[in-house]
C-alpha cells in the first residue's frame, strides 16, 4: 500500500515547513532558553506568561526534543512488552480554522527482527514500492541533516512495512474526536486494541493492520496523546497503563539509565507540561455552585486570567505551602530559578496530594485589587465558616480592599494582586485579634460538633509564609480576612487535637430478667422481634425436616401435616402395645399349663404306655424352615410318633429320611412353618414332649 504517492508533490514540503503543524520541533533542543526579564519589568513579564501562547509556534516553548526522545525511548527499551514504535501526538491549534488538533510531536522507532527476516516479493511492483520508500527516506534524511549530508547518499537497507507506517505517520494530524488518537484525547480514556485492528472504526488502525501491526495503544496525557504499536498481540494487564505512564514521566527507575541534561532544570519546561500530573479545572468564570462571589465591579481587561491544562476535573492540585510574590523591595527571581523552586516544592509534596492550602498568602501592589471570592458555608470549597451557629465573617472585606491568590510566574496558575499594606500597629492589633478569635471559635466548635464535621470536607492546613518586611499600609479589613481564615483553620485543628470527645455515659440497666445470650444490655423491641422471628423460622425449618409428607410449603400446612403425622405415630404405638400385651398373656397361659400338667410315670407299661428311652432331638431353624433330627430306639414305631407330632404342630413336611442302625432309628425331617412360628427351644420342647411320652403322642 502506497500512502505517500507522487500525486501530492507538496506533501514533503508542507510536512517540513508548514506552520499548521507546530508540534514538529526538529531543532528545539538546540534553541537556547530566552534570557530572564529585568526585575523592573516583572509586571509585564508576568502578564505575558498569563496570556495563552501564540498558536503558530507553541511547541518551541513547550517541548525539549532531547527529553521527549528520552521519554519515548525509555518506554520502548524499559517495557516488558515488545513495542515496535512510540509516537507522541502533541495538541496544537490550527491557525486557519482555530480548531484543536493532534500533530506529530516526536517518535521513536525500534523495528522488529521478524519483519526484516521476512521474504520480500520480487515483483516489479514491490521493487518500485521499495525504491519509492527509499527515495522518501533519503529526502527526509537530507532535510534533517541539512547541508552537511551528501546528496548521493543511498539507503541500503529495505524500508519495512512498519518503518514505512512510522514515516507516513509524520504527515498525519487528527482533529479532536477523530481518529484513534483523537478519540482517546476526546474521551480522556486509554484505548487498547489487541485483536480487532482490522475491524476497528478507524482508518489508521486498519492501515496499521495492513502494515503488520497487531496491537495499538493510545494513552491521553496532559498535552497530547502517546501512541504505541507492536507487531505482537499484547493484552492489557492491570499495571500496564501505570507502568507506561511511569516510563514516560521518567521515573526514578527509568531515568537512572539516562545521563542528566546540563540545562534540564532550566531549559526543559516539559517537566511541567509533559508530566501527567493530577488534572485540574481552572476556568475564567467560576460557577456559583462552587464558590459564592460577592458582586464587585468587573476587573480590567488586562487582568483576565488564562489557565491552560490538558484535562479537566475538580480542584485537586495542591499549590506550594507558602505562596510568595515579589514586592518592589524584593527583586523578582529569574524564571528559571522560580521554575526550579516550584519543581522542588511539587516533588516534596507529591503528585497526589488532594489538599488545597489557602491559609497564608501574600500579594504585591501596584494595581487595583481584583474581586475577592468569599465562599459561603455548606458549599464545595468550605473555608471554615460555621453554618450551625449562624455566624459569618465579622469583618467582610469591601471590593476595593480585598486580597486573592498569587503565585510565582511560570506556575500553573497566576494572578495579579495588590500588596497587603499594613502598618506595624495594625499588624500587632490584628495578631491579637486573630488569637482571640481562634480561642473563641475553638470553644464554640466544641459545643457544635456538627459544624466541625461540615467544615472537614477539605483540609486547609496552616503553613509558614514569608511576608514582606517593608511596604505600604493596607486596610485592616483585608488582614482581618486572613486572620479569620487562619482562626477557622486553627479552630478545626484545636477541636480535633485538644478537645477529646466525652465518654459516652452508660445507661442504667433495667430491672428484670437477665438478657439472653449473655448480652449486657437488653435489646429494644425491634431487635427482640427480629430475633424472635429468626428463632421461629429455624424451628419451622427443623419441623419441615422431620415430617415425611409435606403437602404445601406454608407454615399452616406444615403444622397440619405435623399434627397428622403425630396422630399416626400415636395410633401405631397403641397397636404395638396391644400386641405386646396379647403375647404376654399367651406366654403366661402356656407357663401355667405346663406347671399344672401331672408328672410322667417312672415305670414302663405295655405297648402304648412304654416310654421311649434314650431319645435325642436336635432342631435347627433357618427363617421359616426347620431341620429336625431325631435319634431313638426303634421300638414302638418312633417314625409314626414323629409324623403325628409334626401334624399336631402344624408343620409341613417337604423332605424326610429314616435309617435304622441295629436298634437305633435315625430320622431327619425338613419342615416349613406355615401358620405358626416356633423358636428353636419351643420346637425342641414340643417334639420331646410328643415323642418321648407315648401317651401324649397317641392323643
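Note that Cβ sites are derived from N, Cα and C of the backbone, with glycine treated the same way.
Keep in mind that what you see is a predicted model, and the values were worked out from it rather than measured.
Per Swiss-Prot, the listed range annotated as region 'Basic motif' is 520-533 (candidates: 268-281, 520-533, 618-631, 632-645). As annotated in Swiss-Prot, motif 'Nuclear localization signal' covers the listed stretch 506-514 rather than the other ranges in 371-379, 497-505, 506-514. The average pLDDT the prediction assigns to the domain 'bHLH' (520-569) is 89.
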